[in-house]
Amino acid sequence: MGLGRVTQVMGPVIDVRFEHNEVPEINNALVVDVERDEGTVSLTLEVALQLGDDVVRTIAMDSTDGVKRGTEVRDSGDSISVPVGDATLGRVFNVLGDTIDLDEKLDTSVKRDPIHREAPAFDQLSTKVEILETGIKVIDLLAPYIKGGKIGLFGGAGVGKTVLIQELINNIAQEHGGISVFAGVGERTREGNDLYYEMSDSGVIKKTAMVFGQMNEPPGARMRVALSGLTMAEHFRDVQGQDVLLFIDNIFRFTQAGSEVSALLGRMPSAVGYQPTLATEMGQLQERITSTTKGSVTSIQAVFVPADDYTDPAPAAVFAHLDATTNLERKLTEMGIYPAVDPLASTSRALDPTIVGQDHYEIARDVQSTLQKYRELQDIIAILGMDELSEEDKQTVERARRIQFFLSQNFHVAEQFTGQKGSYVPVQKTVEGFKAILDGEYDHIPEDAFRLVGSMEEVIAKAKDMGVEV
């Protein structure tokens with residue numbers, strides 16, 4: 001175990017000089033004891049570069065307040081490691097695997113795995129394609145999720161990415177009883193706190209491990225916390241043979257943290273000021289999220305889109321790895337349609353007749369073509385009004401509006417705000433409901449009856465409450 005001395009401190013980046021034959025390897029964890037007002041604190045550093053002359057450049061996982069030149073640094077001889085296995089369920093951790101909830105500390109005998117590792121080899125990968133039912137109509141019908149796939153939730157600020165993730169955690173735990181790992185990467189501490197207490201109240205927390213590196217933490221923690229969460233998920237997949245869900249909120253903050261330290265590490269910035277290693281860092285994370293012959297890790301990642309610009313290098317780097325995208329659209333939130341998922345922009349490679357079946361595929365495509373036709377007619381309606389449309393076009397518009405409203409539904413996790421009970425709709429009921437709308441079976445029911453309901457039975461009940469004969 002080598003000993004070194006701090007030679008330079010630049011915010012979250014610290015240079016350390018070691019003896020000639022004791023220079024630590026890249027990704028090794030180093031430990032510094034720092035004197036602060038509250039006493040002596042252990043600060044963990046991760047080796048990022050070897051600069052030559054026995055100096056390494058490191059990234060701090062916590063605040064560097066109190067670190068001085070000449071402070072002694074110890075090489076741990078290994079990379080950062082986090083606890084894995086059943087002991088992590090129901091607990092909240094930081095990037096280093098230390099518990100940050102109010103319960104007692106984990107036993108030191110709990111197994112720990114290093115956060116840096118290779119992706120599974122080709123011969124270990126599974127090629128089986130299976131749909132993951134979410135109970136959310138717009139997703140299950142138009143952009144279904146694949147077990148062991150990677151799904152991106154794209155949207156600007158405040159369009160509902162985190163609420164959608166919370167609903168997915170709730171639905172999958174309640175309906176499928178699956179294990180989830182939640183990695184909070186650079187998001188609001190309040191949201192993490194709310195999520196923890198909501199999950200505790202619903203009992204879902206017993207099946208979930210949570211890892212947080214929030215907005216107020218240094219970029220080193222935000223950059224590595226996704227790997228900490230992934231390592232916990234990999235153990236459930238590889239050792240216990242489980243199908244695990246890994247939620248990352250928000251993957252953009254992972255990139256943002258990398259760009260914050262990149263310049264301090266001495267790298268030349270690339271497009272829009274991002275780090276030149278953007279594609280490599282993203283690939284190293286995403287390639288580990290996969291299905292193997294032992295089990296699967298299905299990843300659902302919220303992706304913040306800066307200024308709603310999908311060509312920005314950060315969201316573009318994520319796109320390349322995804323099996324399905326769920327695009328959230330601000331215009332839909334303005335119309336009061338929740339979840340505000342854009343039915344035309346959201347995609348999935350699972351929307352294929354050989355995977356979902358011919359009926360589901362045809363109804364999904366008919367729904368999309370009806371909505372597309374409605375979108376094309378909106379300019380004419382805005383200028384000339386509905387009266388100028390042909391009878392066929394009027395019928396298309398009326399059905400499209402019913403479809404648009406029927407794609408919305410109440411969420412379980414939003415019950416406390418809306419006062420409405422949440423809905424879980426099985427795929428079969430979703431497909432039957434949209435088929436009935438396309439066939440004109442419900443043309444006599446006012447479109448308001450389709451807003452924020454679950455199955456078609458709820459539409460009929462709502463219409464009766466409105467005094468309509470069904």
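Here the Cβ of each residue, glycine as well, is placed from N, Cα and C on the backbone.
Around the Cβ of Val159 (ATP binding site), the number of neighbouring Cβ atoms within 10 Å comes to 25. Taken from Swiss-Prot, the feature ATP binding site covers Gly155, Gly156, Ala157, Gly158, Val159, Gly160, Lys161, Thr162, and the record attributes it to sequence analysis.
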**OP:** Starting from each candidate's C-beta and looking 10 angstroms out, tell me which of the binding-site residues Gly155, Gly156, Gly158, Gly160 has the most other C-beta atoms.
**Re:** Gly155
Original post:
Hey, what's the Cβ neighbour count for Lys161 (ATP binding site) at 10 Å?
Top reply: 26
Subject >> Cβ neighbour count (within 10 Å, all chains shown) around Thr162 (ATP binding site) >> reply: 23
